[in-house]
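Q: Pasting a structure below so you can have a look.
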Amino acid sequence: MATDFTKKFFEDNRILKARVSYAKRPSAEELERLSQSLKETYHATEVILEEEQNEELIGGYVLQVGDRIFDNSVKASFDKLQEHFKQEKGNGNVISVLKSNLDGLNGEIAETEGGHILRLHDGIAAVDGMSQAVYGEIVLFENGTKGLVQNIDETEVLCIVLGDEQELEEGDRVIRTGKRAGIPVGKEILGRVVDALGAPIDGAGPFREEDWYLIERKAPGVLERQPVNVPMQTGILAIDAMFPIGRGQRELIIGDRQTGKTSIAIDTIINQKDKDVICVYVAIGQKASTVAQIVSNLKKHHAMDYCVVVSASASEPAALQYLAPYSGTAIAEYFMDQGKDVLIIYDDLSKHAVAYRALSLLLERSPGREAYPGDVFYLHSRLLERSSRMDEAHGGGSITALPIVETQGGDVSAYIPTNIISITDGQIFLESDLFFAGNRPAVNVGLSVSRVGGAAQTKALKKVSGTLRIDLAQYKEMESFAQFSSELDSETKEQLAYGEQLMELLKQPLYEPKSMEKQVIILGAATHRSFLGIPVKEVRAFAEEFYQWFAQNYAAVLDEIRDTGNLSDDALEIIRNGAEEYKKVKGYGKQ
Ligand SMILES: Nc1ncnc2c1ncn2[C@@H]1O[C@H](COP(=O)(O)OP(=O)(O)OP(=O)(O)O)[C@@H](O)[C@H]1O
């Protein structure tokens, strides 16, 4: 029965006018079938179909009667779309490229909305015909290159080209995939070097993909987390003793260029050997040769077995440098979801911010302070918020983040450093002056802090390092004061000698991480001033020999510290007496 609504579209003699729009003309039979069904639905004697070409309706058609649109045929199956490409391009290659790319996209195509490249410049493609596209969605260009949706305007969408822009042309077809950007993951990714999209770049062939992880994921909520109270030891005495880091913490490593930032991160990775911690090192905007050097060092210290390196080097497009830390975090999340503890290094986030700034300017977003876009804080907060320690109900895994930030002239109050300082749970500030004075690692004790790691420090280490920061602060103060005076009383002299020794003991060469029990033995003796009387230059070698001697003679104390993480008063007494005894053995008298 014809309704009132449809009646007005009839001519007097019950002729129905309808319109059919399509990109490719449906077959004559299909059109006949349509007319027939309309005739029956509207009790018409005749149906006149007006035909209209519309390029946006790839693979489907729209039927319109008056204001009424029957558009369910628009969502054509992907097979139809492939057919369309095939006919237009005249070969099947496009199909196979698309297929191989879509296989990796893990899931069905929800929409097949598509359009064309309107403009192409500096790795950005402006695309039309994608009114439903969402931020962060992957689009496919007809040669198989992927793109990432970034800006959505009324008439066009701006996408980052995740591949070689030279291979694309204006006018090329683009389709939506309905999928967010993700990377392949699997156990075999361990020991590999991959690019920001998860493709291996170490020449060792593909790895077996077991899962697909979105590179952007919402950070776990408070209720899914548990407190940070398990230590993540760096093996660096100055850090573990004074600025302990816990699993699930975010501790910033900050300093000028060439102050040993990367070295601290690499030493921490090397120290995770046999500790059942997976490490992910994300290199952003570094020279490819530097990354190769780091990988070779990790290999040399057998650390690559439990490490993944994600690299977006300086020569790669800004888009990939922008994505690399998120990809690295996705890899970390894959292992965390299996209940593992993961350490992730972002080296470094200053270069990440610069890459994002370049990208944002190309995307025509308005620049703000220092020409960074307004959402540069969100860029890093949404990244670092994903580091957490999950509770047992959620697997009990953790991600500990060590982001690195480079300062200019030691200025920690610049825009990006202050942003990241406010996001992280503390910072290790490395100072050029200390570095060049030979105090390496060049940790500035006054400006460094660890806000949550205290709860994670082992009781034994806490017991012996409690006064260390204050002792060093007093020494620093006294040192500057002592410069003006030649006559010093014996107490002041002792205080200065003690401080000098502490500074010396905190020096640590590269790739020589100290175990927790070793740190406890050395500090246990040092903070009791047991090493006084030993010339400053010799104190480090003496401490090393003393530890070896102590380990041989008092193995039970060492075992107790290692196994329980505790240090009894008796054990501390044994350490201190041991130091005095060993001093006598070596012929140093008490001062
Ligand atoms: N504890 C240390 N003992 C001796 N040398 C060190 C120590 N730490 C770092 N170095 C040396 O200092 C140099 C700079 O270190 P590194 O590359 O880690 O610094 P960075 O701050 O990361 O540099 P960049 O600004 O280039 O990223 C390296 O040659 C490294 O070997």
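Cβ coordinates come from backbone N, Cα and C, glycine included.
TrEMBL feature annotations, pasted as is:
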DOMAIN    115-178  domain 'ATPase F1/V1/A1 complex alpha/beta subunit N-terminal'
DOMAIN    235-450  domain 'ATPase F1/V1/A1 complex alpha/beta subunit nucleotide-binding'
BINDING   Gly255, Asp256, Arg257, Gln258, Thr259, Gly260, Lys261, Thr262  ATP binding site
SITE      Ser448  site 'Required for activity'
DOMAIN    457-580  domain 'ATP synthase alpha subunit C-terminal'
Q: When secondary structure is assigned with DSSP, how many helix, strand and coil residues does the domain 'ATPase F1/V1/A1 complex alpha/beta subunit N-terminal' (115-178) contain?
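A: Helix, strand and coil residues of the domain 'ATPase F1/V1/A1 complex alpha/beta subunit N-terminal' (115-178) number 3 helix, 37 strand, 24 coil.
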Q: Measuring Cα to Cα, how many Å separate Gly255 (ATP binding site) from Ser448 (site 'Required for activity')?
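A: Distance (Cα to Cα, whole Å): 11 Å.
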Q: Between the Cα atoms of Lys261 (ATP binding site) and Ser448 (site 'Required for activity'), find the distance and write it as a whole number of Å.
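A: That comes out at 13 Å between the alpha carbons.
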Q: For the domain 'ATP synthase alpha subunit C-terminal' (457-580), DSSP counts of helix, strand and coil?
A: 89 helix, 0 strand, 35 coil
Q: Which site among Gly255, Gly260 has the most other CB atoms no more than 10 Å from its CB, taking these as binding-site residues?
A: Gly255
Q: Which is it, of Gln258, Thr259, Thr262, Ser448: the one of these recorded positions whose Cβ has the most other Cβ atoms within 10 Å?
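A: Comparing the recorded positions Gln258, Thr259, Thr262, Ser448, the most crowded Cβ belongs to Thr259.
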Q: Looking only at DSSP and grouping its letters into three states, which state does Lys261 (ATP binding site) belong to?
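A: It is helical.
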Q: Do you know offhand how many angstrom separate Thr259 (ATP binding site) and Ser448 (site 'Required for activity') by C-alpha?
A: 15
Q: Among the binding-site residues listed here (Asp256, Arg257, Lys261), identify the one with the smallest other-Cβ count within 10 Å.
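A: Ranked by other Cβ atoms within 10 Å, the binding-site residues Asp256, Arg257, Lys261 bottom out at Arg257.
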Q: Among Asp256, Arg257, Thr259, Ser448, the recorded positions in the record, which have a C-beta under 6 A from ligand 1?
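A: Going through Asp256, Arg257, Thr259, Ser448 in sequence order, those close to ligand 1 turn out to be Arg257, Thr259.
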